[in-house]
Structures are given as structure tokens and as C-alpha cells.
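Enquirer: Feature annotation from TrEMBL assigns active site, proton donor to HIS206. Among the features that TrEMBL reports, active site, proton acceptor is placed at GLU339. What TrEMBL lists as beta-D-galactose binding site is ASN103, ARG104, HIS206, THR207, TYR208, ASP273. The signal peptide feature in TrEMBL is assigned to 1-23.
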Amino acid sequence: MAATSARSVAWQWLAVAAAVAAASLIGGTPAEARRGGKESIGFYELRRGEFSVVVTNWGATILTVNLPDKNGHIDDVVLGYKDIGSYVNDTTYFGALVGRVANRIAGGRFTVKGHAFHTYKNDGNNTLHGGHRGFNQVFWSVRERATGHFPYITFYYRSYDGEQGFPGALDVLVTYKIDGDYSFSVTMYARPVDDGKPTPVNLAQHTYWNLRGHGNGTILDHSVQIFASAVTPVGAGLIPTGAVSPVSGTPFDFRAPAAPGARIADVPGGGYDINYVLDGEADGQGVRKVAVVSEPTSGRVLELWSDQPGLQFYTGNFLKGDEGKGGARYVKHGGLCLETQDYPDAVHNAKFPTEIYRKGQEYKHYMLYKFSLAKK
């Protein structure tokens, strides 16, 4: 994709934003907008030089990330739909902020303090990414926004008591910020509101990356390094068994850089979709490098830093030629996700780090993406 093409896609999104005002977009709008409610869709660009990120308050979603390759060509390196209407009722989670509980809850049921709660089952017999109307399927309000050398935007959402079956109201904030010439961070906070109603919380950022440029083939030849010596293996329905298993001698071992395509045929289910138990001594802020991805043609390198205990590595196994931005078609393995998180289904595994929060406690989740070019 040429520089003008990548920039035009970003500006198309921004131009559409000016015409929204709860009216119609190609492919339709969320139900609240169609009913003439107060909510409206906004599109917001964070820019520093040639590096830019475009986000929307629908699902607190990342729509584009534009940056140069080794030859100076600007490409959009995240997968996404051609219009906002396609994000409504989406089950691919392109760029979405997912919750109240990311990943799967077995049986759509869990117990807190002896009380059973039933969550909406949207993945067979299980709840996935908060249910059929998780945080990716709601309007977020803009709490704060700043421009300048370090532009940022903060979205806010109040999740109500009983939403998708989860107990207690929950205040949620997510801030997207450009922290440097080619880096941006995602900071998530959540605070239970109601006394006596503890709730599970596990948020995740579900962007699909293709460092060659979205729609440019698969990620099977990308180089991936994950700083983790173990995974939480899964059984039926991709539900963790409760075990923590070493990656040594398995196709899940990415402690040294390797291409996913080299061993993907040995992975059950046709691709990677598993939680890694992250290694490393955290610094004083609880943050350490958790993964590095590079792509040889473009020379682009992505480092991911985070304070979370786990990372879901997913290789776009369920992409089936989905139509994306600029007419692109996203083939199977056309993008990869690096979702830092608590361990999946922790509500059913006492040995996993807890994800239950009470009023007076604060959930925090930090991610930092650092981009560079490979050294020659």
C-alpha cells in the first residue's frame, strides 16, 4: 500500500465521522443511533509525524495504525472493516476493547461468595469476550482528550448491574495515547460501583496485526517471540484445563523468534489460540517486555510491553475472506492478535490469578506498543 493509500483510508474514516451525528453509515448504525438516542459515533485521530492511530467510541475500537516501512511507505498495519456498520454485531472483534471478561467463561456460569451468576452464552455453551453485547458493542463517552506532542483520548463506560449476567455496576476507562515518535499505549481501569457485589473483570485489546500492511497476505512468515515458558492448555471449547504446561519441546515454544507457519500444522485446531504464562521480572511499575513481532519485507518491528500475567496469542484462524478497509480481503491467518490478560476462565480455577474485584478495589491493565525498523 502506498503512502497516499494508507493516509486516504484514515481520512476516509475521519470524513465519515463528520457526517455521522447518529444518522446512517453504509451498512447501518448501532440500534441506539437509529432510535435517535443521545449517543453518537465519533472518530478520533492521534498523530505524531507520520505515525497515527484512529479510534472510535463504538466499542473503544482501534480502526487504523499507520506507520512507515523501511522504504518510507506508510501502511495501515491493523485489520478492520470498511465501515462502522460492519462492526455492529461483529464476532471477529477487530480492534475492539473486550470485556467485562475477555476470553471464555466455561458454561456461561460462575459463582462468587456462594451466589451463582449466569452470563450470556455466545460461543456454544460458553461466554466469550463478555457476551453477545460486550464492551465492544456499546457506545463509550469521551471523558478527556488532548492534542500536542503526546496526544491521547480517554473513553468511559458505565456497565450496569446485570449486564450480560455480570453482577454489580462497573466504571470502566480506557486511554489511548501516543507516547513517542513510534509508540502508543493503552491503559485500562475498572472500578466496581456497588457494595456487596464483587465481579470478575478481565479486559483485553483485540487488535489484529499484519506488519506488512492489512490485507497483504498472511502473518505466517512473521517472526514472533513470546517471553513465556508455559501455556494454559485447553480442552473442548478452548476452555483451559486448569494445568500450566511448559512450552519446551512443543509447537507453542516462541521463546526464540520463530515463524508461526513453521509449526502451525502441528497445532490442534488449525492455528494458535492459547494463553501464555508470561515470564520475566517486572520493573517498578509492573511492566516488562512480553512479545516481539517482526516482518522481513517491510522491516517493521513491534515490541509489546505489559503488566499482565498472561497473553493470548491468536493467528486469525477464523478469518474467511472477510471484507475489510479499502476492499481488502482478510484470508485465514491474515492477522495475529497479542492480547495481554488475566488467565482465561479464572473464575473456575482457584490456582489462576484472581480476577474478582470488589468496591474499593481497582483493576488496572497497561500495554505499550513500540514500533521500529529492523537493523540491517
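The backbone N, Cα and C atoms fix where each Cβ goes, glycine too.
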Enquirer: Could you tell me the C-alpha distance between HIS206 (active site, proton donor) and the residue listed as 'active site, proton acceptor' in angstrom, no decimals?
Expert: 6
Enquirer: Cα distance, the residue listed as 'active site, proton acceptor' to ASN103 (beta-D-galactose binding site), nearest Å?
Expert: 10
Enquirer: Please give the greatest C-alpha separation between any two of the beta-D-galactose-binding residues ASN103, ARG104, HIS206, THR207, TYR208, ASP273, in angstrom, as a whole number.
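Expert: Comparing all Cα pairs, the maximum is 19 Å.
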Enquirer: For the recorded positions ASP273, GLU339, work out the Cβ neighbour count at 10 Å and name the residue with the minimum.
Expert: ASP273
Enquirer: Can you tell me the CA-to-CA distance separating TYR208 (beta-D-galactose binding site) and GLU339 (active site, proton acceptor), as a whole number of Å?
Expert: 10
Enquirer: Name the residues of the same chain, 6+ apart in sequence, whose Cβ is under 8 Å from the Cβ of ARG104 (beta-D-galactose binding site)?
Expert: ASP123, ASN126, THR127, LEU128, GLY237, LEU238, ILE239, PRO344, ASP345
Enquirer: Taking just the CA atoms, what is the gap between THR207 (beta-D-galactose binding site) and the residue listed as 'active site, proton acceptor' in Å?
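Expert: Between the Cα atoms of THR207 (beta-D-galactose binding site) and the residue listed as 'active site, proton acceptor', the distance comes to 8 Å.
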